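Report on the structure given below.
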């Protein structure tokens, strides 16, 4: 993977590739991805398939953030569903209000159905403004993540403790949403979204447009994440993951380094949630609770948590397998999912993306380096320096 | 006044359930640093053991009492098997253990669905435990009282084992300093497996107790697992008393908040309270004092 080996001094030990110059490999891969997503897929796939792909690409956007926070930062983010949900609900609230306005109603349909009052709750009102709603899809998740991250990292709550807290957050939000049926739609969530900023979502042409928006967003975020990976911040993040105390003694504050990764990952999940709503037409507590939150991590784990491309492909592949196999063989799929998870995370912590890197490392590095988890070339070089 | 007492007893009841579920986790997560997401499925295994036993033995409900030892054995054996097959290979990677055991929990849930069917089943409680007991104007549900008794009994038994037996001494030694214990001649791997067996067995016992307050289903464990983990996080690593205090405190807090607001708001408020508490004590209520930086 081009993204796993940062350039600069650390890459001095990595093997130079003869065929393509190193600095051209990432742009070439990016171009290839763009051609596939924006050119080949819309031409080759029928509308229904393309719509499914749009949904998987939303999960892939979350995986970009997971790859940053977990793969590079070592923060096991088990509550990405919260941020996905906040973004999704912010978008859905605006679209519901817009739908209601088009239909000439004062309230969204579900509120007329089981709402007790006939006025819009105060916290719904600003979402009628499209600019505010769009900003909130990213700012709201980032604020929540910033608050939790600040409080938790500042007090050096880490590792499993952080994972459990973030998971509890996912549980709490979905339970809270279910409880507020009159204002959030409860278990059903916000459904039946018809328009997207004036475009009718029932029209296949507009569905294609939504797909393009999502694909472009994914490509841009991947490019941004890659720049973050290879920046000095990216190296610092990996250093915090591998030896937090050492980074602290060098004069950095690991809490801030982790906070940035967590907040950026939350923003990406929020954006993914916001784009998920027009593509699928629903956001509900079942899509953001504990199980889907772990699902966001699974995709990245299977593909390769520390590898951007691996995480994205893994997320798409797992989502595809989920919807294809779970309909045909529900029981077998659950076993397969569990087994896949056990085997990949347990015995191939770098994910499928590490298969190639693993082979290269084996030829080059001593056994002690190979034992270091997660196996990516970036980590391998880092630990080589450590043992030296 | 009676409202306050009633609410606090409800809270103690919730706390007792939390404590029973979290007790095994205190051992496996707290003492060994292993995050076992399949713990909830060990609870389920215990509950189904009670169900099977009751169907095949009698209908009076006394079989629930008889089910305690087999439930302990069944859940403990599954736990020891899991430790032997997977967990011991992942001791250096606690976060990965979490994800791997979650995969295991998916498979165990599906197994239960295939064997017992997807719909929930129920056991019959003994007649003694179906009514209410009135003490000084406060109504106490008998089944909650029974769970409270069982929880306290389990804590007592576990404390005695840890304090007085050679096994308990070895477990404590491994917890305090694994390397030193190992060079002192303790077979740490065997101790680990025994600890995992006991911790998982306690989940089985919790499963039998939970049949008194709810239905038995393939996903019953997931309802309790997050709360139980929070108990261990707040209680502190490797300390029974921390978990006991935390379980009851969270239970009472939950029931008081539920009374003054709603169930869903209470859940969120409890989580906020926990994050606030960790500002004050990031390592939990009680910590094992070490010189390490972590």
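We count from 1, first residue shown onward.
Even glycines carry a Cβ here, placed using N, Cα and C.
According to TrEMBL, the features are:
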- A:1-19: compositional bias 'Low complexity' (COMPBIAS)
- A:1-21: region 'Disordered' (REGION)
- A:26-45: transmembrane segment (TRANSMEM)
- A:52-70: transmembrane segment (TRANSMEM)
- A:76-95: transmembrane segment (TRANSMEM)
- A:130-153: transmembrane segment (TRANSMEM)
- A:160-179: transmembrane segment (TRANSMEM)
- A:209-229: transmembrane segment (TRANSMEM)
- A:259-283: transmembrane segment (TRANSMEM)
- A:295-321: transmembrane segment (TRANSMEM)
- A:333-358: transmembrane segment (TRANSMEM)
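Away from its own ends, the transmembrane segment (A:76-95) comes close to residues 62, 65-66, 69-70, 124, 127-130, 133-134, 136-138, 140-141, 144-145, 159-160, 162-170, 173-174, 177, 184, 189-190, 193, 195-196, 262, 265-267, 269-278, 282-283, 285, 287-290, 292-294, 296-297 of its chain (Cβ-Cβ under 8 Å, at least six residues beyond either end). Within its own chain, the transmembrane segment (A:209-229) is flanked in space by residues 3, 6, 26, 30, 33-34, 37-38, 41-42, 50-51, 53-54, 57-58, 60-61, 64-65, 67-68, 72, 196, 199, 201, 264, 268, 271, 275, 278-279, 308-309, 312, which lie at least six positions past its ends and keep a Cβ under 8 Å from the stretch. Contact between the transmembrane segment (A:52-70) and the transmembrane segment (A:160-179) is absent: fewer than three CB pairs lie under 8 Å, with pairs separated by 6 or more positions in sequence.
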